[in-house]
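Colleague: Found this in TrEMBL, in case it helps:
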- A:76-136: domain 'NADH:ubiquinone oxidoreductase chain 4 N-terminal' (DOMAIN)
- A:144-442: domain 'NADH:quinone oxidoreductase/Mrp antiporter transmembrane' (DOMAIN)
- A:6-25: transmembrane segment (TRANSMEM)
- A:37-56: transmembrane segment (TRANSMEM)
- A:127-143: transmembrane segment (TRANSMEM)
- A:149-168: transmembrane segment (TRANSMEM)
- A:180-202: transmembrane segment (TRANSMEM)
- A:231-252: transmembrane segment (TRANSMEM)
- A:264-282: transmembrane segment (TRANSMEM)
- A:294-317: transmembrane segment (TRANSMEM)
- A:324-343: transmembrane segment (TRANSMEM)
- A:355-373: transmembrane segment (TRANSMEM)
- A:393-416: transmembrane segment (TRANSMEM)
- A:472-492: transmembrane segment (TRANSMEM)
Amino acid sequence: MGLANSILLTLIVFSPLLAVLILAFVPRHQGGVIKKIGVLGTLLPLALSLMLFASFNYESSGLQFTETAKWISIPVGLQQSGAIFSFDLGYELGVDGISMPLIVLTAIIATLAAVASWNQKKRLKEYFILFHLLLIGMFGVFASQNLFLFFIFFELTLVPTYFLIGIWGYGEREKAANKFLLYNGIGSAVMLIAFIVLFMYLNTMNMDKIAEILASSGNPASAAMSPEFRFGLFLAIFIAFAIKLPVFPFHTWMLKVHVQAPPAIVMIHSGILLKMGAYGLLRMGIGFFPEQAYQFATWMAVLGIINILYGAVLAFVQKDLKMVMAYSSISHMGIVLLGFAAMNTIGFQGAMFQVISHGFISALLFFLIGMIWERTKTSMIDELGGLAKSMPFASGIMLAGAMASLGLPGMSGFISEFFAFLGLFGQMPILAAIGTLGIVLTAVYLLRAVLKTTFGPTPGRFAGVADAQPMEVVPLVVLLGFIILIGVYPAVLANPLQQTLKTIVPIVTGIGG
Amino acid sequence: MDTLMQYAWLIPLFPLLAFIVIVSFGRQLKEGAAAVGILFTAVSFGLAVLTFWQRFQEGATDYKFSIDWLKVGDIVITMGFEINQLNALMLLIVTLVSLLVQIYSKGYMHGDERFPVFYQYLALFTFSMLGLVIAPNLLQIYIFWELVGVCSFLLVGYYYFKPEAKAAAKKAFIVTRIGDLGLFIGICLLFWWTGSFELSQIFDSIALGKLEPWMITLAAILIFVGAIGKSGQFPLHTWLPDAMEGPTPVSALIHAATMVAAGVYLVAATYPLFIASDAALNVVAYIGGFTAIFAASIGLTQKDIKRVLAYSTVSQLGYMMLALGVAGAAGYVAGTFHLMTHAFFKALLFLGAGSVIHAVHTQNVFEMGGLWKKMPITALTFLIGCLAIAGIFPFAGFWSKEAILGAVYEAHRYDLLFIAILAAFFTAFYMFRLFFLTFAGEARGKHEAHESPGVMTGPLLILALLAIVAGFINTPYAPVFGDWLLSGEVGTIIEDVFGAGEGHAAAWLQIAALGVSILGILLAWLMYGKRAIPSDAIPEAMPWLYQLSYRKYFVDEFYHYVVVVPLGWLGYLLNLFDKYIVDGLVSLIAKITRGIGALHGRAQNGQVQSYGAMVLFGLLLLIVAITLTAQGGGVLGIGQ
């Protein structure tokens with residue numbers, strides 16, 4: 001156990017490699033075997049991350065399961081004393097209360113997305129190899145404690161996603177993939193510049209050290225950075241992750257991805273990849289530059305409200321279910337911004353709950369849309385209708401998912417929404433009150449979309465469509481189970497988040513609650 | 001002594017268990033689901049009776065219990081339950097009506113394809129409603145408040161294949177959610193102002209003067225906005241009549257007796273907040289009074305039996321709000337008292353209407369008639385319900401309505417008193433219009449009506465009995481109920497502010513109110529019973545007035561053109577904006593980049609001279625850059 005724990009994160013991050021290696025030796029015509037390996041391969045990281053969850057220490061606020069190794073050392077010159085001066089880039093992993101739940105979320109969604117890929121028919125071998133490579137990238141992003149490593153893993157998620165969208169997507173897949181790469185490339189470039197500048201000034205890539213140096217005013221390296229300069233860096237990091245989240249007006253790429261990518265990839269994309277934006281914002285934006293973030297809080301709240309309302313109004317007029325959900329994601333990510341803008345424990349907790357909760361909910365809803373498309377060959381709202389008759393189970397789950405999404409108590413969406421708003425009410429009550437309009441609008445667009453799909457008279461052509469099959473019931477029930485678990489017993493998620501969030505807030509404002 | 005009240009948390013738990021059982025085994029149970037629902041609710045009812053009985057004893061005290069639910073930072077949020085007078089009463093009402101409605105539904109829903117689903121929803125609703133009424137803190141109230149809302153939505157949309165039901169369900173959810181927004185904001189603000197969600201702590205903060213007057217007023221009005229939505233008060237009343245698309249037992253349970261009364265309950269439960277602000281109380285009183293007369297005037301002309309009853313519900317809820325709004329001990333008691341009696345006679349009326357619809361398969365009263373002989377039990381119990389709601393002595397409604405009028409009179413609010421009496425006249429008229437059209441005269445439709453089975457008439461008889469006797473617990477001569485209700489914590493706070501009130505009308509007021517009601521009945525009899533006055537006399541004399549009432553003052557149309565249509569246009573415009581401006585701008589940048597790339601490509605022309613020029617230019621740029629940044633503290637930061 002001791003040894004396993006000391007390299008547990010490495011095991012989790014690289015465990016998908018096993019499936020990649022096995023898949024490499026399976027002949028491509030054996031589709032059934034490939035699918036089984038593809039699904040079973042995700043169980044290994046799932047089991048390992050559940051181990052991580054079980055042995056996580058809730059009392060500690062700092063990093064756990066840390067691993068450090070020397071990795072790259074680049075000699076760059078001589079110091080006056082004659083010693084060689086070099087850039088050290090370490091291999092540093094670790095998790096705290098924020099990243100651990102995200103790793104578990106990633107593992108769960110990955111397994112369910114693999115199950116959701118069961119109906120995939122085209123080029124299965126490449127599909128599942130890329131799928132598992134993507135997993136490595138995602139785990140790596142959340143486990144990295146080093147900006148260099150973080151950046152590498154961050155980029156590693158882009159490449160497989162690009163191909164997964166571009167090859168296995170719907171009609172305009174290539175256009176969507178290109179747009180995805182263009183935007184995320186710009187984001188990465190901005191991020192890279194910010195990281196390099198940080199490195200040049202602070203001479204370290206370790207995240208904890210960077211935060212520490214930046215917080216100590218006595219440190220000469222920290223003193224060399226003026227508040228304005230820091231604000232510039234904060235803004236660069238904010239923009240880099242705002243593209244990922246996405247924040248208005250950087251959101252258009254994500255619409256295309258949600259419409260064109262295959263359902264399983266949308267589950268991952270909306271469930272996890274977008275969350276890397278929120279994670280980066282909290283960890284690097286607010287974590288490194290709390291004072292600048294505090295200055296920027298009002299703007300964050302305003303952007304959050306724009307996201308919420310703009311996304312909701314647009315979701316209301318969309319004709320395609322996928323577009324409704326895509327704009328819905330934009331709207332829901334606005335709540336994350338609001339939680340951050342609150343700059344107190346309640347708000348941060350709401351934001352992190354929203355990150356996890358939306359991961360489950362959007363995975364559930366996109367999976368359902370995939371199921372409907374599979375059966376009816378359409379996702380246009382006007383062409384659908386009355387599915388509750390032939391698909392009572394799936395329709396019931398869809399309604400439950402919509403209820404979770406619109407923040408019905410007893411489900412995870414409520415907890416996140418409530419605490420994000422509650423936090424903001426403590427700081428900016430008027431902005432928060434404007435934002436709550438989104439609560440009504442969410443109900444308006446979700447009920448419109450879901451009721452048009454499942455309620456009403458059943459057209460003859462849908463009379464015979466099959467309800468959820470056993471392979472589909474599993475993800476539906478598991479996802480809804482997690483949504484209800486978090487909704488009824490939020491402590492399951494709040495306990496790990498607690499200690500870590502508590503350490504961020506005093507740095508920010510000195511305000512406790 | 002307190003042993004039984006400690007187990008009050010079991011009361012909501014049994015319906016939850018019923019829900020889980022029916023969800024899990026619905027397909028196997030089929031119509032046996034009814035037995036599960038009835039059995040579990042019966043156990044809850046038994047417990048509620050015991051709890052109520054114990055709380056009713058001399059010297060009984062409130063019981064409160066809570067456990068930690070969630071820690072956020074240094075704040076611990078708890079969940080629990082509380083048994084005080086109001087809660088104990090509500091537990092009794094909800095379990096009783098729910099039990100009777102579930103028994104009734106066994107007959108009414110017989111043969112329905114989704115029979116178990118119906119009972120599943122009913123069980124979930126009963127659980128949520130009971131959870132709502134025993135909640136000791138605002139967050140918990142909000143949680144169950146939303147859950148009863150979603151159950152209402154599910155049941156209104158029970159006939160999901162009907163487009164009207166779909167639209168009504170959506171409307172019910174969205175319109176009440178607009179109200180919930182007020183409650184949501186109110187809870188958040190109160191949390192930051194008082195540091196707690198607990199009602200008792202909020203009341204303490206108010207008593208200690210920690211809140212500014214404007215804060216109390218704002219919070220109270222925001223909470224009242226939630227009540228407006230749930231209790232169908234003007235201007236958020238539009239969803240309730242449409243909610244009649246649900247099966248009739250649902251209308252009886254949710255949209256008459258229990259859930260819609262949750263708004264009144266909420267105001268009563270947070271009453272110390274309201275009585276600390278005159279402005280908030282006035283808002284409650286005038287919204288309530290206006291709704292009472294407004295809805296009653298719509299009820300005069302409706303043709304659908306359930307819609308008449310729905311507007312009557314809206315109007316009666318307005319009465320309750322009015323009573324709470326005029327404040328004082330008398331108002332508090334009268335509002336709560338009317339909440340109870342109304343639950344019985346309105347459930348009775350809806351179930352009676354269900355029995356009629358079950359027999360004649362229409363909801364249009366002009367296609368009914370002559371049912372008195374064919375359905376004697378339904379007709380008799382319906383008559384009792386009508387007499388009760390019209391406030392005829394000695395039925396339950398007489399006592400509670402008289403208490404409300406008395407409270408309004410005592411507070412010297414003569415404008416509101418006038419409204420309340422006029423509304424009482426309307427009520428008597430439209431209820432007996434309904435009665436005569438349905439049961440008297442000749443049959444107008446082509447239907448073979450016969451009396452409903454025992455499972456349906458049984459609950460009718462029990463409710464009829466309650467509609468007769470329930471008023472006697474609080475007569476002016478023996479105000480047992482009022483004294484008991486005021487003996488608790490909230491009662492003490494009220495009496496601290498207002499002093500103990502009598503709350504019963506002067507004798508002349510009682511007689512006047514009774515006379516007005518009898519006048520209403522008489523007019524209805526002349527028009528629809530004896531037909532001495534042609535029923536289309538008024539529509540022909542004043543067609544615009546008739547249309548105004550019949551078309552419900554065009555409120556729905558107003559919302560459609562002022563809210564729904566503009567929202568659609570806004571969405572349409574933003575959609576274009578998103579597509580062509582936001583996305584277009586980025587595409588433009590991409591094109592510019594490509595253009596620069598092409599420009600760069602042209603520079604690769606193979607001529608040494610131009611390369612040389614470029615190198616020179618680049619060197620110059622570098623030198624300038626290094627000189628500038630060297631002063632700035634060394635961007636490269638090496639060797640520091």
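A Cβ is built for glycine as well, from the same backbone N, Cα and C atoms used for every other residue.
As the structure is a computational prediction, the values presented were derived from the model and not from experiment.
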Colleague: Please indicate, using numbers and ranges, the residues of the same chain that are 6 or more beyond the transmembrane segment (A:180-202) and have a C-beta under 8 Å from a C-beta there.
Modeller: 87, 147-148, 151, 154-155, 158, 161-162, 165, 209-210, 213-214, 221-222, 224-225, 233, 236-237, 239-241, 243-244, 250, 253, 256-257, 280, 288
Colleague: Short question: most Cβ pairs under 8 Å with the transmembrane segment (A:355-373), which of A:149-168, A:264-282, A:294-317, A:324-343?
Modeller: A:264-282
Colleague: Restricting attention to the domain 'NADH:ubiquinone oxidoreductase chain 4 N-terminal' (A:76-136), give the mean pLDDT.
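Modeller: The predicted confidence over the domain 'NADH:ubiquinone oxidoreductase chain 4 N-terminal' (A:76-136), as a mean pLDDT, is 87.
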Colleague: Can you find at least 3 Cβ pairs under 8 Å between the transmembrane segment (A:324-343) and the transmembrane segment (A:37-56), where each pair is 6 or more residues apart in sequence?
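Modeller: They are not in contact.
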Colleague: Could you check if the transmembrane segment (A:231-252) is in contact with the transmembrane segment (A:472-492), meaning 3+ Cβ pairs under 8 Å among residue pairs at least 6 apart in sequence?
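Modeller: No, since the transmembrane segment (A:231-252) and the transmembrane segment (A:472-492) share fewer than 3 Cβ pairs closer than 8 Å, they do not count as touching.
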Colleague: Give residue numbers and ranges for long-range contacts of the transmembrane segment (A:472-492): same chain, 6 or more residues beyond its ends, CB-CB under 8 A.
Modeller: 108, 112, 115-116, 353, 356-357, 360-361, 363-364, 367-368, 371, 393-394, 397, 400-401, 404, 409-415
Colleague: In the same chain, who gets a Cβ under 8 Å from the transmembrane segment (A:37-56) while lying at least 6 residues past its ends?
Modeller: 4-5, 8-9, 11-12, 15-16, 18-20, 22-23, 26, 64-65, 95, 100, 103-104, 106-108, 110-111, 114-115, 117-118, 124, 127-128, 131-132, 135, 139, 496
